[in-house]
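Below is one structure; the comments refer to it alone.
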Amino acid sequence: MKNINPTQTAAWQALQKHFDEMKDVTIADLFAKDGDRFSKFSATFDDQMLVDYSKNRITEETLAKLQDLAKECDLAGAIKSMFSGEKINRTENRAVLHVALRNRSNTPILVDGKDVMPEVNAVLEKMKTFSEAIISGEWKGYTGKAITDVVNIGIGGSDLGPYMVTEALRPYKNHLNMHFVSNVDGTHIAEVLKKVNSETTLFLVASKTFTTQETMTNAHSARDWFLKAAGDEKHVAKHFAALSTNAKAVGEFGIDTANMFEFWDWVGGRYSLWSAIGLSIVLSIGFDNFVELLSGAHAMDKHFSTTPAEKNLPVLLALIGIWYNNFFGAETEAILPYDQYMHRFAAYFQQGNMESNGKYVDRNGNVVDYQTGPIIWGEPGTNGQHAFYQLIHQGTKIVPCDFIAPAITHNPLSDHHQKLLSNFFAQTEALAFGKSREVVEQEYRDQGKDPATLDYVVPFKVFEGNRPTNSILLREITPFSLGALIALYEHKIFTQGVILNIFTFDQWGVELGKQLANRILPELKDDKEISSHDSSTNGLINRYKAWRG
């Protein structure tokens, strides 16, 4: 992978000049000039997904110049490097191969000269056998009862991905009840334990090292709770499994290492739902549906790795994002799924994007002088319309939005879905084209009112429009289409990281707070006044000690 400062490229300089020409051009102007704009600026994937990027402040020239930037930064070479197992995560000296986890073609993928696929397939087979025993009821708890509830204990990538997918695919779930515990706040585990029965609950402890503070604190609390009912420590093995590589610690916890599901250091946490970390997904929707999820992602992997950049959906979305972030000064992107099952999708890619590309040091070790990762946020529609869309429509910030919706709903109640989709279509139209003063005044006339007498309120009803959006319409949210959609965003993030010359697959920003917390924890054990920190931190700790009694 080449380490190129994008702002020093000829393409970036050309884009800067082009931006000066484009900054006052409106989306309405672009549609007025080209009646065929939709067909030129949209594409379908596998007859499962339509991506419409026509309501953006771009022209064919814009895209051509952005493609030049991708070429000059050697995006094609970087894609080959990742897919071939090169150690592109250089700060940790690791390959980045979540694509191997869903490599349904089973073609060899080498790391240090060794094909990883036999081990990947062996873990998948183990997940299949284990999940079938749990789902069928063949696996019995310590009193001979079948499992009814599964509690996944993890944090970050060991929680966000499985939770998002199991929620998104609830229409495919079986009889097992899924629960997720992540926060070290005891409230989280306490509230989940109130809902489950020790005789019929399986706990999945998801920690590669089996040392993650939050996860192991929750796991030990779950174990203590379980043993209060079960008594004998030998019963732990019937009710706990591990997603880990630390066999010694897993065994000491009381888990049978035969029920330890491993993954590898080339699997990053926020890209790990495709691995053993996805065992909760398998238990929720069954192994065959999990394979469909992998297959959808694999299909997008093939599209990303083989399709020319001009037609490559992850690349197009990535380039458009860079255009707004670095030239228009957009600081955030909203992800707005019009599907209630997808209510954790934005939160999942909040981690996926911000932990990946929230970096201010480039691959050469230099502080950057341009924008890297955007702030990602969002909520399901139509809820967001009654919360924060006001700012998107009439605020002073530019907020590029991705609208996502299925054409076919899993719950065809009355005309609910038509009403939902009418809002989905209306919002992108409203954001793009707005409403002029003339239209507002005409609306008053149509109501028999004189606009002149209402002049004071007219400006507040004007919408400038020119707010950019992408629309992603899925045929239906299935395991396959969801897998493809997740991979679309993963590769968008990778593409942006390549071009912005940052290391996308490490996360050193997580470490400092953890180190300081480990230093502070012993100071909270007694009632002594603290003076070892700055005055603010000392003051906070000492007030905490005074109030806790």
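Using N, Cα and C of the backbone, Cβ positions are placed for all residues, glycine too.
Annotated features in Swiss-Prot:
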{"type": "ACT_SITE", "residues": "E355", "note": "active site, proton donor"}
{"type": "ACT_SITE", "residues": "H386", "note": "active site"}
{"type": "ACT_SITE", "residues": "K514", "note": "active site"}
{"type": "MOD_RES", "residues": "K80", "note": "N6-acetyllysine"}
{"type": "MOD_RES", "residues": "K228", "note": "N6-acetyllysine"}
{"type": "MOD_RES", "residues": "K234", "note": "N6-acetyllysine"}
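Positions of Swiss-Prot features highlighted on the structure.
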{"residue": "K80", "record": "N6-acetyllysine", "CB count, 10 Å": "13"}
{"residue": "K228", "record": "N6-acetyllysine", "CB count, 10 Å": "9"}
{"residue": "K234", "record": "N6-acetyllysine", "CB count, 10 Å": "10"}
{"residue": "E355", "record": "active site, proton donor", "CB count, 10 Å": "23"}
{"residue": "H386", "record": "active site", "CB count, 10 Å": "9"}
{"residue": "K514", "record": "active site", "CB count, 10 Å": "12"}
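Nearest Cα neighbour of H386 (active site) among the listed recorded positions (K80, K234, K514): K514. Candidate recorded positions: K80, K234, E355, K514. Nearest to K228 (N6-acetyllysine) by Cα distance: K234. Recorded residues E355 (active site, proton donor) and K514 (active site) have their alpha carbons 15 Å apart, per Cα-Cα distance. For the pair formed by K514 (active site) and K234 (N6-acetyllysine), distance between Cα atoms is given as 34 Å, rounded to the nearest Å.
Residue pair K80 (N6-acetyllysine) / K234 (N6-acetyllysine) shows a Cα separation of 49 Å. Secondary structure at K234 (N6-acetyllysine), as computed by DSSP, is helix.
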